[in-house]
């Protein structure tokens with residue numbers, strides 16, 4: 001089942017260390033990250049760029065900008081460690097500096113998505129790229 005979930009995430013193109021990011025989003029929001037955020041708005045998912053459609057989509061925009069600041073590793077592929085302690089994400093102490101940055105980016109987007117659950121709109125669950133307005137710069 002885990003392999004099937006990973007394949008689904010890869011096919012939809014969710015950025016970040018797929019397993020960790022997906023777990024964080026689920027832990028913080030209680031939502032399936034692939035179904036609910038894989039194609040959401042103009043910034044959630046790979047290859048999507050554009051003016052955010054709402055606060056939820058803005059979380060993904062900020063996440064993309066956070067990844068642009070990471071140097072020394074591939075935030076889309078390299079894995080890191082983290083734990084879920086007392087309903088809070090804790091990035092692993094033994095992560096190298098680059099992966100600590102990636103973990104913090106992923107933690108921030110997961111928390112942002114939780115904090116903006118009230119702005120989540122099912123009509124934006126599948127937004128086609130051509131409908132997005134010119135992207136904003138970080």
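Including glycine, each Cβ sits where the backbone N, Cα and C put it.
What Swiss-Prot records for 42-132 (among others) is disulfide bond, and it gives similarity to another entry as the kind of evidence. A coil conformation is recorded for residue 42 (disulfide bond) in the three-state DSSP classification, outside any helix or strand.
Residues or ranges marked as disulfide bond by Swiss-Prot on the basis of similarity to another entry: 44-60 (among others).
Residue density at residue 112 (disulfide bond): 18 other Cβ atoms are found within 10 A of its Cβ, drawing on all protein chains shown. Sequence annotations record features per position, and here Swiss-Prot assigns disulfide bond to 59-112 (among others).
Residues or ranges marked as disulfide bond in Swiss-Prot: 65-138 (among others). All protein chains considered, the CB of residue 65 (disulfide bond) has 14 other CB atoms within 10 Å.
Annotation note: residue 66 (disulfide bond) sits in a helical segment as assigned by DSSP. There are 18 other Cβ atoms within 10 Å of the Cβ belonging to residue 66 (disulfide bond). The disulfide bond annotation in Swiss-Prot covers 66-105 (among others), and the record cites similarity to another entry as its basis.
All protein chains considered, the CB of residue 98 (disulfide bond) has 16 other CB atoms within 10 Å. The feature disulfide bond is assigned by Swiss-Prot to 73-98 (among others).
According to DSSP, residue 91 (disulfide bond) sits within a strand segment. Spatially close to residue 91 (disulfide bond) yet at least six residues away along the chain are 80, 81, 82, 100, 103, 104, 107, judged by Cβ distances under 8 angstroms. The disulfide bond feature in Swiss-Prot is assigned to 91-103 (among others); the stated evidence is similarity to another entry.
Feature annotation from Swiss-Prot assigns region 'Important for membrane-damaging activities in eukaryotes and bacteria' to 122-133. The DSSP breakdown of the region 'Important for membrane-damaging activities in eukaryotes and bacteria' (122-133) into helical (H, G, I), extended (E, B) and coil residues amounts to 6 helix, 0 strand, 6 coil.
As annotated by Swiss-Prot, signal peptide applies to 1-16.
The annotation site 'Important residue of the cationic membrane-docking site (MDoS)' is assigned in Swiss-Prot to 122 (among others) on the grounds of similarity to another entry. Listed in sequence order, the same-chain residues six or more apart from residue 122 (site 'Important residue of the cationic membrane-docking site (MDoS)') with CB atoms under 8 A from its CB number zero; the list is none.
In sequence order, 35, 36, 39, 40 are the residues of the chain that are 6 or more apart from residue 125 (site 'Important residue of the cationic membrane-docking site (MDoS)') and have a CB within less than 8 Å of its CB. If you look up Swiss-Prot, you'll see 125 (among others) marked as site 'Important residue of the cationic membrane-docking site (MDoS)', on the strength of similarity to another entry.
According to Swiss-Prot, the feature site 'Hydrophobic membrane-disruption site (MDiS)' maps to 128 (among others). All protein chains considered, the CB of residue 128 (site 'Hydrophobic membrane-disruption site (MDiS)') has 9 other CB atoms within 10 Å.
Swiss-Prot lists 129 with the feature site 'Cationic membrane-docking site (MDoS)', giving similarity to another entry as the kind of evidence.
Residues or ranges marked as site 'Hydrophobic membrane-disruption site (MDiS)' in Swiss-Prot (evidence: similarity to another entry): 131 (among others). For residue 131 (site 'Hydrophobic membrane-disruption site (MDiS)'), the count of additional Cβ atoms within 10 Å of its Cβ stands at 11 [all protein chains shown].
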To see if you understand the setup: which same-chain residues, six or more apart in sequence, place their Cβ under 8 Å from that of residue 73 (disulfide bond)? 96, 98, 99, 102
Can you tell which of 42, 60, 105, 138 has the least company, meaning the fewest other C-beta atoms within 10 angstroms of its C-beta, among these disulfide-bonded residues? 138
Among the recorded positions listed as 105, 112, 128, 129, within 10 angstroms of residue 65 (disulfide bond) by C-alpha we get 105
